[in-house]
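Peer 1: I'd like to ask you about the structure that follows.
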Amino acid sequence: MEVLWFLFVILAAGKALELSDEQYHQMPQLFQLDDYEKCLANRRGAFCLGSFQLVAPPNNRLFNIIQKFSEERYSFNHTSIHRGYCVSSRCSDVDEVSLKRKFVKCVKNITQTHYGFDAKLSSLDYCKTSKTPPSRPIDGLDVAFIYFCGLILLMNVIGTIYDFARNPNHKLLYFKKRSVRAFLTILVMLAYSILAFHISYLQNPQYLENTSRNLLSTLIYNGPVIVQTFIVLSSFLLAYNLLISGEKDPKKGLNLRLLPRLFFNRMARITPLNVFMVGLTTTWWRHMSDGALWIPLVEGECAHCRDKWWAHFLYINNFIEADEKCLIHTWFLAVDMQLYVFAGFLTLTLGRSPRRAVKVLSCLLVCAIVANFTIAYNWNLKPMLFLNYPKQLRNQMAGEPSFNLLYMAPWGSLPSSLIGLIAAFLLYYWQQVNFKPEENLVFRILYRCSVPSLLSWILAGYLVKDISSPIGIAAYAALDRPVFCLIIVVAMLGFINKIDGLWLRFLSWDGWRPLSRMSLPILLVHWSYNLTQIAVKTNLTRSSVFEIGGHWFNTVIMTYVTSLPLHLLIELPMMQFFKLLFP
């Protein structure tokens with residue numbers, strides 16, 4: 001058998017290493033997890049969870065295979081194994097008093113017996129017994145959050161009574177057609193559902209390793225670029241609404257004195273829900289359930305939020321302790337807020353001359369793309385296409401400078417914001433000169449190609465990911481988002497001008513309306529359900545298209561069910577309150 005392994009190493013040298021199922025399962029199992037609930041149901045039950053680094057004698061053929069396979073970008077790190085043992089039953093033959101030492105010695109013995117490797121503890125998540133008290137008891141901050149929620153409910157009762165007394169025949173909700181945003185939030189939830197599986201203890205990690213090589217998986221692993229659509233829409237709506245309001249009220253006009261008001265309105269729109277979700281994560285989320293991965297995933301997230309909650313409230317969490325992930329998806333709120341202020345400044349400065357604004361913004365767009373290329377090349381930063389692989393996803397990009405300095409940085413999304421501004425000024429200018437793009441042959445052709453081009457551009461990443469040239473990687477990092485956003489803008493302008501009945505009917509479906517109005521609570525809530533579903537599992541998670549699809553479906557349903565009361569009790573009342581307070 002050793003000879004076969006040796007021949008396999010020789011044949012695989014210098015190229016990507018792919019193992020057969022038999023060879024794959026000869027490696028130590030990446031994850032092992034005993035039944036957590038059954039273990040701690042015993043009054044003498046004890047459970048430990050931790051990660052171990054494999055150590056082997058020199059020139060060990062099996063270990064060389066493991067190392068080479070782990071170096072592949074599509075693979076998890078198989079030199080680091082993860083164990084969750086019911087120490088009281090599995091390790092009953094180990095004579096140690098300390099749970100930690102008993103757990104470590106047990107893993108060492110099993111690994112040595114089956115594979116001839118040593119296993120050194122790299123991180124211990126916890127050791128607990130059935131009598132171990134909660135690691136974080138209810139404290140003053142938890143109680144304060146309950147009072148905060150009670151205050152919200154009281155204000156809603158008073159406000160509702162006042163509102164009905166004042167306007168008895170009003171409509172409860174007014175929905176705008178923002179179907180693109182609603183559709184994208186569903187795709188975002190899918191992407192984070194897949195991320196949740198990567199950080200779980202998997203029964204079959206080989207499934208995720210194999211699917212990440214697939215062409216169609218590029219739609220997922222290169223899919224984060226679709227988030228830029230939100231940036232485009234945010235800048236577009238801001239600029240276009242300002243231009244229209246300036247036209248309706250020439251006396252006020254567009255001047256920088258409006259900038260503080262814009263910033264305040266944006267803060268009033270987002271902050272109440274943001275404060276609530278960060279507060280809930282910081283306090284009561286950790287008390288809601290239990291499971292084998294509850295402490296490292298949920299309680300770990302809560303600890304990070306307690307350390308940097310203030311950065312979330314100031315919308316600088318993408319800069320402060322970037323590796324300590326508190327609600328990882330909220331980096332977008334920080335970047336959106338930062339670019340919103342900058343976009344408002346540019347709109348108020350350039351708004352008097354739309355035609356000139358398009359030229360200036362186009363120059364700024366080129367400068368931003370060149371700047372991102374320079375940053376990516378000099379600092380050896382990579383786009384998300386080169387990062388979305390099992391090892392990085394499992395660590396949630398911790399210690400990955402490309403994620404912190406390019407993906408989560410405002411300058412990485414600046415071209416998207418500028419493209420949104422250009423689209424707004426261009427549409428406004430077309431309306432001023434009575435230009436009808438639906439009658440222009442070139443624009444109609446571009447529009448017809450736009451939607452297929454969106455999928456084609458994402459799938460093209462399958463060909464790009466093998467690039468090794470630093471210049472090529474930096475160029476893709478600088479151009480990926482702008483090209484996608486330019487295609488989005490062409491499609492968006494076509495939708496607005498009603499060029500195509502097919503897509504317009506799809507986007508005008510009435511079912512998108514309530515979902516679009518709840519886009520903010522949906523974006524804030526979904527990760528909590530993704531993480532909770534993984535953390536409460538008492539044994540290994542099986543990965544397949546059906547399991548991931550079911551996880552995604554559960555996340556979507558529970559997110560929508562939760563988002564409705566959040567929208568009605570927090571978001572909508574606070575928006576109306578600030579409108580009355582500052583008309």
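Glycine residues also receive a Cβ, built from the backbone N, Cα and C atoms like all the rest.
Please treat TrEMBL annotations as automatic predictions, because they have not gone through curation.
So TrEMBL says this about it:
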SIGNAL    1-16  signal peptide
TRANSMEM  144-162  transmembrane segment
DOMAIN    180-528  domain 'Acyltransferase 3'
TRANSMEM  182-201  transmembrane segment
TRANSMEM  221-243  transmembrane segment
TRANSMEM  263-285  transmembrane segment
TRANSMEM  328-348  transmembrane segment
TRANSMEM  360-379  transmembrane segment
TRANSMEM  405-429  transmembrane segment
TRANSMEM  441-464  transmembrane segment
TRANSMEM  476-497  transmembrane segment
TRANSMEM  548-570  transmembrane segment
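On this model, are these features tucked inside or out on the surface, and what's nearby?
Peer 2: Within the chain, the transmembrane segment (182-201) has long-range Cβ neighbours (under 8 A, six or more residues past its boundaries) at 31, 33, 82, 84, 208, 220, 223-224, 226-227, 229-230, 292-293, 297, 329, 390, 393-394, 396, 507, 512, 515-516, 519, 522-523, 526-527, 530-531, 533-534, 537, 540-541, 543, 547-548, 551-552, 555-556, 559.
Long-range contacts of the transmembrane segment (328-348) within the same chain: residues 188, 192, 227, 230-231, 234-235, 238-239, 242-243, 254-256, 258-259, 262-263, 266-267, 270, 274, 278, 312, 315-319, 361, 364, 396, 407-410, 412-414, 417, 420-421, 424, 523-524, 526-527, each at least 6 residues beyond the stretch ends and with a Cβ under 8 Å from a Cβ of the stretch.
Sequence-distant neighbours of the transmembrane segment (360-379) (same chain, 6+ residues past either end, Cβ-Cβ under 8 Å): 346, 350, 401, 405-406, 411-412, 414-415, 418-419, 421-422, 425, 470-471, 473-475, 477-479, 482.
Away from its own ends, the transmembrane segment (476-497) comes close to residues 180, 225-226, 228-229, 231-233, 236, 365, 369-370, 372-373, 376, 381-383, 385, 406, 412-413, 415-416, 419-420, 422-423, 426-427, 436-438, 443, 446-447, 450-451, 453-454, 457-458, 461, 464, 467, 503-504, 507 of its chain (Cβ-Cβ under 8 Å, at least six residues beyond either end).
Proximity of distant same-chain residues to the transmembrane segment (548-570), defined by a Cβ-Cβ separation under 8 Å and at least 6 residues beyond the stretch ends, is recorded for 152-153, 156, 186, 189-190, 192-194, 196-197, 272-273, 276, 515, 517-518, 520-522, 524-526, 529-530, 533.
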